[in-house]
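Student: Starting off with a structure, shown below.
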Amino acid sequence: MTKQKAVWVLTSVMLLSVLGTAGIALPYPVLAPYFLDSPPNDLTHFMGIHPKILLGFSLAFYPLGLLIGNIFVGALSDSYGRRKVLLITLLGSTVGYLFTALAIYYESFIAFSLARLLTGVCEGNMSIARAIAAELHPHIERTKAISMSYAANYAGWMIGPIAGGFLVVYGVASVFLIAAAGIAVALVLVFLTIERSQEAKDTSMLRFWTVIRRNNSLTLLKDKNILPIFWFYFLYTMGLNAFYDFYPVWFVDYLDEGSKTIAWATVALTACMIIVSSFFVDKLNARYGEIKLIIVGSSLLCLSFIGQPFIEMELVYIVFATIGVFIAIANGMVPTYLSKYFGHLGQGKVMGLQTTTFCVANVLVASLGGPLSILSSRWVILAGAGLVFLSILVMIKTRKRQQAMIDKHTEEQETLAL
């Protein structure tokens with residue numbers, strides 16, 4: 001592959017990431033006001049259950065689907081090819097969003113939950129996009145390719161909430177219909193731009209279920225060297241999801257704000273993520289290394305989460321922008337770390353493990369955070385700060401062990417280069 005071709009492939013991956021995550025993020029500023037601040041209906045008051053508990057469950061079903069999908073989607077792409085698996089899962093995502101819109105129209109909480117579950121299973125494909133980006137090395141430096149892929153993800157997280165916040169005036173169901181259209185565009189994009197030559201080299205004819213059993217992302221946990229970063233990321237992303245899932249609830253509870261304000265706060269958050277990920281993450285990594293940046297970025301994020309629940313509206317955009325900077329620093333290091341030191345185990349599996357970990361954390365936080373938010377959404381975000389703090393302790397405690405692994409890996413690479 002030439003350098004020019006690699007740039008085109010990365011551009012396609014970034015466009016896919018923007019459209020895919022925009023579709024995912026469209027409903028985020030919509031669900032909290034829909035459940036908590038709209039006229040009661042059969043969906044938001046299903047069986048007389050408190051709307052905050054129902055909101056927590058509805059937030060959990062999507063990442064539960066992501067969890068199921070990410071266990072095997074990335075690994076399947078290693079065996080059957082990136083393009084084929086991407087096309088199938090994008091089609092499934094489109095169908096899932098259409099079913100979600102129908103569930104809202106007919107006010108069925110069960111159908112809504114199942115549709116979100118299906119959508120999540122299919123949208124485990126974001127790990128494939130990151131795997132494609134990682135495999136462009138050495139034509140494009142690995143950290144740069146992954147950070148640009150993440151910048152595209154953040155752009156989707158910015159575009160999606162803006163669109164969702166302003167489209168909600170046409171009805172909540174319309175937001176999910178637009179999300180379906182966005183994913184459909186991504187499907188066409190993959191069909192036209194990701195060539196069959198991007199198929200994985202491993203073309204074994206193993207049965208589908210055999211591939212899942214032998215090559216799913218969780219098999220990576222048998223490698224003891226990966227456990228420190230796994231436990232760090234598990235705790236860190238639990239804290240991060242406590243913020244992601246419940247700051248919209250905090251806006252409704254404490255500032256009495258709706259979808260548009262939530263959308264603009266998300267813009268402030270993600271705009272800084274995009275800038276930092278696009279222009280600074282690779283340079284910071286080259287100067288300080290992954291471990292140091294993970295610890296520093298996570299520490300600053302922890303402090304931000306402690307203060308955020310108590311701010312007034314005047315400081316919202318400044319604080320959210322600052323949080324975006326810290327998230328981009330810590331988040332950008334994890335996939336680079338995994339790809340650089342464990343990519344030989346299968347880029348699809350490695351990126352799948354990261355997303356699987358994120359999803360497990362999201363399911364737990366959404367399920368437990370709903371009941372806790374009845375007391376106060378502040379407590380959920382503060383609990384998130386505590387979880388990020390625990391993740392920092394894990395990283396500090398295992399720092400020497402990880403550095404020894406990195407040094408050994410570097411020596412092996414230098415030996416192979418001779």
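In case you wondered, yes, glycine gets a Cβ from its N, Cα and C as well.
Straight from TrEMBL, here's the annotation block:
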- 6-403: domain 'Major facilitator superfamily (MFS) profile' (DOMAIN)
- 49-73: transmembrane segment (TRANSMEM)
- 85-106: transmembrane segment (TRANSMEM)
- 167-192: transmembrane segment (TRANSMEM)
- 230-250: transmembrane segment (TRANSMEM)
- 262-281: transmembrane segment (TRANSMEM)
- 293-311: transmembrane segment (TRANSMEM)
- 317-338: transmembrane segment (TRANSMEM)
- 350-370: transmembrane segment (TRANSMEM)
- 376-396: transmembrane segment (TRANSMEM)
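Could you place these features in context, so I can see how deep they sit and what lies close by?
Tutor: Using a Cβ-Cβ cut-off under 8 Å and counting only residues 6 or more beyond its ends in the same chain, the transmembrane segment (167-192) has close neighbours at 12, 15-16, 19-20, 22-24, 26-27, 29-30, 33-34, 83, 86-87, 90-91, 93-94, 97-98, 100-102, 104-105, 160, 259.
For the transmembrane segment (230-250), the residues of the chain that approach it from at least six positions outside its boundaries are 28-29, 31-33, 36, 52, 55, 59, 63, 221, 262, 265, 294, 298, 301-302, 305, 308-309, 323, 327, 330, 334, 353-354, 357-358, 360-362, 364-366, 369, 373, 377-378, 380-381, 383-391, 394-395, 398, judged by C-beta separation under 8 angstroms.
For the transmembrane segment (293-311), the residues of the chain that approach it from at least six positions outside its boundaries are 232, 236, 239-240, 242-243, 247, 250, 254, 284-285, 319-320, 322-323, 326-327, 329-330, 332-334, 337, 377-378, 381-382, 384-385, 388-389, 391-392, 395-396, 399, judged by C-beta separation under 8 angstroms.
Non-local neighbours of the transmembrane segment (350-370) in the same chain are 52-57, 59-60, 62-64, 66-67, 70-75, 120, 124, 126-128, 130-131, 134, 216-218, 220-221, 226, 230, 233-234, 237-238, 240-242, 244-246, 334-335, 338-339, 342-343, 380, 383-384; each lies 6+ residues outside the stretch with a CB under 8 Å from one of its CB atoms.
Beyond its flanks by at least six residues, the transmembrane segment (376-396) meets 228, 231-236, 238-243, 245-247, 249-250, 253-254, 291, 294-295, 298-299, 301-303, 305-306, 308-310, 365, 369 of its own chain at Cβ-Cβ distances under 8 Å.
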Student: Taking the domain 'Major facilitator superfamily (MFS) profile' (6-403) alone, what is its mean pLDDT?
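Tutor: That stretch averages a pLDDT of 84.
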